[in-house]
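Undergrad: Sharing a structure here in structure tokens format.
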Amino acid sequence: MFVDSVEIIIASGKGGPGMVSFRREKFVIKGGPDGGDGGDGGDVYFEVDNNTDTLASFRGTKHHKAKNGAPGGTRNCTGKKGEDKIIVVPPGTQVFVDDTLWLDLVEPKKRVLALKGGKGGLGNAHFKGATKQQPTYAQKGLEGVEKCVRLELKLIADIGLVGFPNAGKSTLISTISNAKPKIANYEFTTLVPNLGVVSVDEKSGFLMADIPGIIEGASQGKGLGISFLKHIERTKVLAFVLDASRLDLGIKEQYQRLRLELEKFSPALANKPFGVLLNKCDVVENIDKMTRDFCAFLNLEAQKLEAFDLEPYSGFLHPHLTSDFENDPNEKSALFVLPLSAVSALNAHALKFVLLKALQ
């Protein structure tokens, strides 16, 4: 089950109480105080685990509390510190307190202190003085801290696929990555985001995210709404997947409507570097002309992607990208326009290299 939002209560441990005790030895009638300090309460940490991509494990457990510190002992022995509580979350988890962002947990294996445990109380040995040789008082431990927090997951991926329902995004991610999403010939087959690792060669690869299809009004909550648009906010490059075979809605209209929804949801998201994939090109007549016309529509004076083995349809590359694909970060035009067929894997091999270079 994919879960990307939960509310939990976290609490650090209470400090242990100090000890009231006196030294007892043979031939010593009145030994001095030797009560030890209480142990500190356990701390609460968030730890990022790269092996998980959902918050589903929190659905059945709302309270997450560290252990209390142990009481102080005799002979000035300090009580044991309470056991820490380690809360494991996937990369991209954000922690909110009262709708204010508190922690942003991105880096894998990183452990972040959230709540400090209460300090242990002082034993009676600390309170001996010139006028009070036999103190019978010890401090209580300090209380721990409790917070109600909301965990929100924003998946971390390099490439984010954006498209209408049934555009072929799930088929594409299953073709070029290790992801195995549900695929069927009807809209909204994808109900949750999918992550896939794309291996380009033995040393290179990247992470791709496929979110449920966007419909008009998604930014206002229609369809699956904004609940999944947030998962492409962290991506470095967006890939618009357009259905080149649709007769009721051309690729220009598809692109314009998708971009409008992104702009309404987040201008920063809409301004990310992007490319365009014309899917289902194997069932479209004169796809090369359609591709060139679309480049003109984007005001893209494109150069052919001659550096790649295209099979057999030509793709186009932004002219500001050098032979090494070094791009201008202020450039807002498409980085590439590439016809492909996710079903038959036409141009799928070239797509891996194009996306990898676009990330560099």
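Using N, Cα and C of the backbone, Cβ positions are placed for all residues, glycine too.
Straight out of Swiss-Prot:
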- 163-170, 188-192, 210-213, 279-282, 341-343: GTP binding site (BINDING)
- S170, T190: Mg(2+) binding site (BINDING)
- 1-156: domain 'Obg' (DOMAIN)
- 157-360: domain 'OBG-type G' (DOMAIN)
Undergrad: Would you mind reading off the Cα separation of G163 (GTP binding site) from S170 (Mg(2+) binding site), to the nearest angstrom?
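TA: Computed Cα spacing between G163 (GTP binding site) and S170 (Mg(2+) binding site) is 10 Å.
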Undergrad: Cβ neighbours within 10 Å, counted over all protein chains: which one of the binding-site residues K169, K280 has the most?
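TA: Most Cβ neighbours within 10 Å: K169.
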Undergrad: Would you mind reading off the Cα separation of P212 (GTP binding site) from S170 (Mg(2+) binding site), to the nearest angstrom?
TA: 9
Undergrad: Express the predicted model's confidence over the domain 'Obg' (1-156) as a mean pLDDT, rounded to an integer.
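TA: Over the domain 'Obg' (1-156), the predicted model scores a mean pLDDT of 92.
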Undergrad: Hey, does DSSP put S170 (Mg(2+) binding site) in a helix, a strand, or just coil?
TA: helix
Undergrad: Return one of helix, strand or coil for S341 (GTP binding site), based on DSSP.
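TA: In the DSSP reduction, S341 (GTP binding site) maps to strand.
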Undergrad: Of N166, S170, the binding-site residues given in the record, which has the fewest other CB atoms within 10 A of its CB?
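TA: Lowest Cβ count within 10 Å among the binding-site residues (N166, S170) is N166.
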Undergrad: Near S341 (GTP binding site), which residues of its own chain have a C-beta under 8 A away, given they sit six or more steps off in sequence?
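TA: For S341 (GTP binding site), the qualifying residues are N279, K280, C281, D282, V283, N347.
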Undergrad: What does DSSP assign P212 (GTP binding site), in three states?
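TA: SS state of P212 (GTP binding site) = coil.
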